Amino acid sequence: MKRETPLDRYRNIGIMAHIDAGKTTTTERILCYTGKSHKIGEVHDGAATMDWMEQEQERGITITSAATTAFWRENRVNIIDTPGHVDFTIEVERSLRVLDGAIAVFDSVAGVEPQSETVWRQADKYKVPRMCFVNKMDRIGADFYRCVDMIIDRLGAVPLVINLPIGSESDYAGVIDLIKMKAVIWHSEDLGAHFDYVDIPAEYAEKAAEYREKLLETAVEMDDAAMEAYLEGVEPDEETLKKCIRKGTIAMKFVPVLNGSSFKNKGVQPMLDAVVDFLPSPLDVPAIHGLIPETHEDVIRGCSDDEPFSALAFKIMNDPFVGSLTFARVYSGTVESGSYVQNTVKDKRERIGRMLLMHANNREEIKWAGAGDIVAIVGLKDTTTGDTLSDTIKPVILERMEFPEPVIEVAVEPKTKADVEKMGMALARLAAEDPSFRVASDSESGQTVIKGMGELHLEILVDRMKREFKVECSVGAPQVAYRETISKVFTVDYVHKKQSGGSGQFAKVSITFSPLPPGSGYQFESKIVGGSVPKEYIPGVEKGLKSAIDTGVIAGFPVTDMKASLIDGGYHDVDSSVLAFEIAARAAFREGLPKAGPKLLEPIMKVEVVTPEDYMGDVIGDLNSRRGNILGMDQRGNARVIGAMVPLANMFGYVNTLRSMSQGRAQYTMHFDHYSEVPNNVSEEIRAKMAG
């Protein structure tokens, strides 16, 4: 089948920002001006096209990244709308993995906020070229130039200003295009669909000339011929200038910065032009690397329809009409509905049922997809987030995404008998959609425990169970996911024998437990030489230890940052078995760990509080009382920003305390930073609580 749009006219982009910077409204306007959305949906009245889950419309924040396709100047723009709330950074990470470029949206009043920094760092990790859109220029306190300074100070980026605002706050009238050196004024009567190029107002001429010079000086560095001509006093023409800006943006030398007000319908079209002119197509980004499953050889798959098929599943969503939808980015080759592909991570064949092109909440069925496409596939049985789908004859595994460990857990109990079965199914579905959400059952109490990235994260998942799956459940108080580790090296010898007539059990093990640096997790190695423990019994030792580390010796929390080395052992020709070695390893763990200096670890959160000066003393005092360690204070506009490291255990309900302390004027964000040792007095309290 022939492609409708050539690959160099594709743009796979994400819109990323802090909560409330106006990301969903911006996406809405893009869909409106590209002819994909006929009525402008406002987040203000809970009707945005991209926010299609009920809770999103109610809370006015975006939770799931809906993928949608729009067309602009004969280019096909696939947009992934990403959530800006810190509890959903996993969604952002997931969508950045499959994008070629991104638009960072900033609030012109607040500037670069904490979550913007987090997302920016994630985009750096995946080497995603990006541009910035300074939004909400019509708000009181809007300051475009301060925002540009913050992009330098906070993000360490090189901003390249492409257009300047004309006026600000209620006087915001339009922008000055520094490439064309014209002013752009929008018509308000047709919701900003049309605009005029006019001469730059006299009072802005000097500012425009200054920024035009900065633009030229930075951009021409990307092209030797343009640079030489510029040094001789010849300015590049519009096309050459755009080429230079594009080259530098894709090479991540600088980030183009534009401004506008999506809500007031100003500045969106120049931003779309910039997406097409400056952000990369699938052909401009490096080809994807993968491994051949059997040989683990490195292989490169270029972005072309002629290469073998490969795609990455980056999101699973449950749709009320068609069931489970798998969103996938096709990196190479083509695929047709009805064909078979290989899930190389699970080693299972999957049949591609129907394929859909999504537009926020309506869809178009397609029969064929090629390299560069982002599609939703119906009917995949075994595929979860992060899996690779590939050609059955030439399989490949693309690099997997890494997902953070959950830091908070709550117990959930179904309210009625009928809810028991439904809850199991609902939780399984939600866990398949979201890899940072885990479900476990507590072996002692028999309760179902759900784990996630924050209070809001779990609250929304419980809410979805109620709405989508009609499951009523009661939720316990949030619990902290503590861990245990050891502080010194200890070797334990253990003999397990059981003789009671008939065949007995015998296993002898010598295991060294040694501490590892923070964040290393648990490791097992066998140092057996000379067959003191036969090869076939070593998996038994590994299995026994693996099951034992889930329950530490201090208060029954999982053990981490520890290495267990099997150094010696003994066996009996008749009585030894894998099971005997499993039991011996478990007992060795129980005996050895208390002597290896066990310690309790707790999750430490990085907290940033933005508060008016008047409440600063109260906020700092309160953070100190929560065992917080103040990292520093900054001035942001007329507010103070306090950075601190605080144990998660002391942060429950903080939002209400902060609200009442500052009369609702202070805000905070927090995300997991690291695990740290619990002080002795607190450790004793936790032990007593667990024992009681």
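Backbone N, Cα and C atoms are what each Cβ position is placed from, and that goes for glycine too.
Now, the feature entries from Swiss-Prot:
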- 8-283: domain 'tr-type G' (DOMAIN)
- 17-24, 81-85, 135-138: GTP binding site (BINDING)
How would DSSP class Ala17 (GTP binding site) in three states?
strand
For Met137 (GTP binding site), nearby residues of its own chain (Cβ under 8 Å, 6 or more apart in sequence):
Ser108, Phe144, Pro165, Ser168, Tyr172, Asn259, Gly260, Ser261, Lys266, Gly267
Confidence summary for the domain 'tr-type G' (8-283), mean pLDDT rounded:
81
Within 10 Å of the Cβ of Ala17 (GTP binding site), how many other Cβ atoms can you find? Include all protein chains, please.
30
